[in-house]
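Below is one structure, written out as structure tokens, with a few remarks after it.
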Amino acid sequence: MPVNDDKTAMHTLRDISELRHTLREHRLRGQRIALVPTMGNLHAGHLALVARARQSADVVVASLFVNPMQFGPGEDLDAYPRTFEADQTQLTEAGCDILFSPTVSALYPNGLDAQTLVHVPEMGEGLCGGSRPGHFDGVSTVVSMLFNLVQPDVAFFGQKDYQQLAVIRKMVSDLHLPIEIIGVPIVRAEDGLALSSRNGYLSQQERAVAPALYQTLCSLRDALEHGESVEQVLHRGHTALYDAGFTPDYLELRDTMLGPVTPSTRHAVLLAAAHLGPARLIDNLSVQLPAATNASHQR
Ligand code: PAF
């Protein structure tokens, strides 16, 4: 039975002890708790996470915290959109029960430099971890704090941040955390652009170009599924992204655990990050590679 079935009773909590006290009561009643961690500026992608959480738990907790630890020097921490009241309204309407939105000093009372870090080796290296050093340490540290504070039975993350999801799954497995992690499919605009808070940085012209990232991935996926060599396809993809006006950060084909693709790999994922104006956009698509042929041997 959802706690917030009248969609009016969402509690916004900023205080750690209040959160713990409130959740203890729910736990004592044997209720299943879901967590949806966010940095706010919510869009339909976040609301899909809340909807999935709503279906699978008695109590839905969303967190809203723009985590300074996961932004590198010169990144968009200050510019990151903060839309607290609109977020509160959307979460209430989505049937969220508790919004936890702590201050930076509540989560990091000793400052960022003195903070104990959670580092997930290997999974966080390369791809976004390669171009954003320290980013995944910031993510895994704050997510493990949120897991400790909320102690959810289940937590929901978007598949758009494919590497983030893989890092969190590994962290949960390595630390034996009793939390089920659910990845929720990417929500796209009608023209295919993956929804992201950072899409708001795009000018009208850039927004018109942005779907080319998804379109390029779709055409590369089709070529790979027809057995074209990975090298050729990725080369063509880089060129297509430059031609459309992007500066690609990476474009890679990996197996679903983010390991290298080998001739025996069938299930793979095509991952891209590319700069467009002030925004760095990421996206990914799953790819079913054909059984080894001459072409796929070139992998
Ligand atoms: O995906 C995000 O919004 C953030 O990386 C997360 C998981 C909320 C951690 O700050």
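Placement of Cβ uses the backbone N, Cα and C atoms for every residue, glycine included.
Here is what TrEMBL says about this protein:
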- 39-46, 158-161, Val187, 195-198: ATP binding site (BINDING)
- His46: active site, proton donor (ACT_SITE)
- Gln70, Gln164: (R)-pantoate binding site (BINDING)
- Gln70: beta-alanine binding site (BINDING)
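On the structure: features taken from TrEMBL.
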residue : record                    : DSSP (3 states)
Met39   : ATP binding site          : coil
Gly45   : ATP binding site          : helix
Gln70   : (R)-pantoate binding site : helix
Gln159  : ATP binding site          : coil
Gln164  : (R)-pantoate binding site : helix
Val187  : ATP binding site          : coil
Ser197  : ATP binding site          : helix
Argmin Cα dist to Val187 (ATP binding site) over the recorded positions His46, Gln70, Gln164 returns His46
One should report the C-alpha separation between Gln70 ((R)-pantoate binding site) and Met39 (ATP binding site), rounded to whole angstrom, as 11
Of Leu42, Gly45, His46, Gln159, Val187, Ser197, the recorded positions whose C-beta sits under 6 angstroms from any atom of ligand 1 are none
Cα-Cα, Gly45 (ATP binding site) versus Gln164 ((R)-pantoate binding site), nearest Å, comes out at 15
Taking only the CA atoms, the spacing between Gln159 (ATP binding site) and His46 (active site, proton donor), expressed in whole angstrom, is 11
Most Cβ neighbours within 10 Å, among the binding-site residues Gln159, Gln164, Ser197, goes to Gln164
